[in-house]
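Novice: First the structure, which I've put down as structure tokens, then a few questions once you've had a look.
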Amino acid sequence: MRTEKLFFCILLVFFFCLEFNRGQNNGKTLVDVGVVTDVDTSHSKVVMLCINMSISDFYSSNPQFETRLVVNVGDSKSDVVGAAIAALDLIKNKQVKAILGPWTSMQAHFLIEIGQKSRVPIVSYSATSPILTSLRSPYFLRATYEDSFQVQPIKAIIKLFGWREVVPVYIDNTFGEGIMPRLTDALQDINVRIPYRSVIAINATDHEISVELLKMMNMPTRVFLVHMYYDLASRFFIKAKELGLMEPGYVWILTNGVIDDLSLINETAVEAMEGVLGIKTYIPKSPDLEKFRSRWRSLFPRVELSVYGLWAYDATTALAVAIEEAGTNNMTFSKVVDTGRNVSELEALGLSQFGPKLLQTLLTVQFRGLAGEFRFFRGQLQPSVFEIVNIINTGEKSIGFWKEGNGLVKKLDQQASSISALSTWKDHLKHIVWPGEADSVPKGWQIPTKGKKLRIGVPKRTGYTDLVKVTRDPITNSTVVTGFCIDFFEAVIRELPYDVSYEFIPFEKPDGKTAGNYNDLVYQVYLGRYDAVVGDTTILVNRSSYVDFTFPFIKSGVGLIVEMTDPVKRDYILFMKPLSWKLWLTSFISFFLVGCTVWVLEYKRNPDFSGPPRFQASTICWFAFSTMVFAPRERVFSFWARALVIAWYFLVLVLTQSYTASLASLLTSQKLNPTITSMSSLLEKGETVGYQRTSFILGKLKERGFPQSSLVPFDTAEECDELLSKGPKKGGVSGAFLEIPYLRLFLGQFCNTYKMVEEPFNVDGFGFVFPIGSPLVADVSRAILKVAESPKAMELERAWFKKKEQSCPDPITNPDPNPSFTSRQLDIDSFLFLFVGVLLVCVMALGNFTYCFLAKDQVSYLDKVEMSPCSSSQQMPVKRKTQLNMSQVHDQDSL
């Protein structure tokens, strides 16, 4: 150690003497600049070497410049006040034109005020706190990256892996606190909670660190973001590994405050950090950088070059360029005029006449430095790329990059457009080794195995205990909770990728009665008395304002059930009810129309339709009506009469078969129709209705306009059946409102006399309740989907939603035993086409007959009767034909 210090001092003296002699021999203008640093630290060693190498390299490359920087070192002694004293001394006694440094953000906070008062630019290469930016001092320039820039890559990593909670761990000073406002805003953008902030004192003992780590161990959150100095981080992670916080399941993310100084951390501490992700300042490769690194390794093989050294190198170069461009005129300080009053030492410094001009030239300096593009934008450098590293064994491994505009990518030349929207984290980053040498991505949240069990509230029900039932074991006096909701929850817990310990706590009073309604039960989660609620808890918007629900594990809604009545009155005229009166009337008219038409076509040449008028009238009726039951004895001979009879036979066949089927249905089947068809009819009539006690339905009914006096609560299915069977006239209700799962259970027991007629309210279903922001919500919701898509869900439904009355259908396959239907009479519209067809045949037959009848030539008419389709006599035997012709002639003569 003493050898390194001696070597360091020799180098400083060497560079100082070299530059001083060069300035004197060449007649150059010497310009004093100050460096405020912690001389006895490793950082200071690297920084001072880089500053002097920068001066040497710059003037060697630019021997024509008229100015030469002379470095004056002020030792801050690792103290805020020491930094202020060193700066005052440099300005007052050395009249430095600018100050490089200081090292920490706290020291820079004081120096900014000094630089503002004296107009001396302060150029820092290591103060990264965003708080310094808020001071808005034009004389403070940051030749480094502000910490808030790395918030975006941190946000991208957390979003990529889907972690829902993050605990920041930061040092208790300006450096640690500065990043928090930006970090909080960034995490809120992606709905990530910060349940706790772990603040570590800068001089914390190992015991104090252990106490804080134990707090973190007992939290469910497993994602931690560490923002502190490298020396404190080394002790922190050694303790974390000792206490078991570097095991599988944990996630640690380090900011560049630690990663950039990883080479300064001892090997034991780096081994303890294995599996940690880190944000590292990206230094682009360049030929100048490679040459500088090679020269550094040859000159100082035992000293590790840091990014702060590169920034100090570039800051010194920028200062040399700016001083040369600003010129050498008016480099004095104006003294404060003594008016006889006491003047503070800060006021006694005077004002730099060179400072404003130097500041303007510094803001315009732009060049390609060792650390990348050097250009001040709003007083600081602007990064566009950060490197993502994974600590493995005793070193770091690059696993990707964060690029502004592209996000996380494996390679710098990779474009965001080349990554699919359905990509996984492996498309954005290379392989990661997590703490405990785990390969799978940690969930980021876990119930502490050494912590307490989850306190899960369950409702105390008196009815519909198939869903949730709370009993006491008479032997052990322990609480036994069963039911569909409980079994489904336990199946979901088994699907989680981690163990969850829990206990069911009934929501009841000391006397065993329920302690309130479901709103009261849900509110207990908001108050922190329960960690969750499991049961038949409906997902409602007003409840979601203070708790989080999982995905529904069973569909729900509110159904209206009413009593069913048989609309068919079984009396002595029941046989008339299958057909409507219109169809009856149309059928009778059709009978007479067909009979009369056949008579008109046949009576002149068919003896079966001739005779006395009374005989002919009876024949017409007999022929028309007998076709319903058997073929009539009368034969028809004309073509059109036969066509009409065929059409009529087909109509009668269809009509009689339909009548028979409808009458059989009326005589053998009991068709139940609801007494009420909708909720609006209940409101219009002012009927009394029932609802489930302790449910949200009461509020919904009041919103729809039901007065409190018309609402009757019930608890059990038996109470609901009693109220509906009594009816409103006997103190009962006209209808009852139940949620669909309860309704299925009710109809599985009382299916023969009740029916659901409407679903007036839609709700999401039953869900499990957790506190707002609980990471369990996402995991449990995914597990619900797994169970719902597996045969286990159907097994649970069959086990609990089973019929209790053997005559009832299965409530799973047929939840509504009386599906909606309209028992209607057969009407004319069902046979309209057939009736129209028969009518058309009648019209055509009568038209043809009229045409033949109106023929003037009787002989021609008789010939036509014999030869035309009006007669089918050609088909008759000759003897029979002669008899018919003689009869026709006789009849014609009588006309």
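Cβ coordinates are placed from backbone N, Cα and C, and glycine is handled just like the others.
When I checked Swiss-Prot for this same protein, it listed these features:
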type	residues	note
CARBOHYD	Asn52	N-linked glycosylation site
CARBOHYD	Asn203	N-linked glycosylation site
CARBOHYD	Asn266	N-linked glycosylation site
CARBOHYD	Asn330	N-linked glycosylation site
CARBOHYD	Asn342	N-linked glycosylation site
CARBOHYD	Asn477	N-linked glycosylation site
CARBOHYD	Asn542	N-linked glycosylation site
REGION	873-895	region 'Disordered'
SIGNAL	1-23	signal peptide
TOPO_DOM	24-582	topological domain 'Extracellular'
TOPO_DOM	604-610	topological domain 'Cytoplasmic'
TOPO_DOM	632-635	topological domain 'Cytoplasmic'
TOPO_DOM	657-830	topological domain 'Extracellular'
TOPO_DOM	852-895	topological domain 'Cytoplasmic'
TRANSMEM	583-603	transmembrane segment
TRANSMEM	611-631	transmembrane segment
TRANSMEM	636-656	transmembrane segment
TRANSMEM	831-851	transmembrane segment
Novice: Limited to the topological domain 'Cytoplasmic' (632-635), I'd like the whole-number average of pLDDT.
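Specialist: The predicted confidence over the topological domain 'Cytoplasmic' (632-635), as a mean pLDDT, is 61.
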Novice: Give me the Cα-Cα distance between Asn477 (N-linked glycosylation site) and Asn542 (N-linked glycosylation site), rounded to a whole Å.
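Specialist: The Cα atom of Asn477 (N-linked glycosylation site) is 37 Å away from the Cα atom of Asn542 (N-linked glycosylation site).
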Novice: Find the shortest Cα-Cα separation between Asn203 (N-linked glycosylation site) and the glycosylation sites Asn52, Asn266, Asn330, Asn542, and name the residue that gives it.
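Specialist: Comparing Cα positions, the candidate nearest Asn203 (N-linked glycosylation site) turns out to be Asn266.
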Novice: Between Asn542 (N-linked glycosylation site) and Asn330 (N-linked glycosylation site), what C-alpha distance do you get in Å?
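Specialist: Counting only the Cα atoms, the answer is 72 Å.
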Novice: For Asn330 (N-linked glycosylation site), what residues in its own chain, 6 or more apart in sequence, show a Cβ-Cβ distance under 8 Å?
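Specialist: Set apart from Asn330 (N-linked glycosylation site) by at least 6 residues yet with Cβ under 8 Å, we have Gln353, Phe354, Lys357.
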Novice: Sort out for me which one of Asn52, Asn203, Asn477, Asn542 has the most neighbouring CB atoms within 10 A, since those are the glycosylation sites we care about.
Specialist: Asn52
Novice: Roughly how many Å separate the Cα of Asn52 (N-linked glycosylation site) from that of Asn266 (N-linked glycosylation site), to the nearest whole number?
Specialist: 28
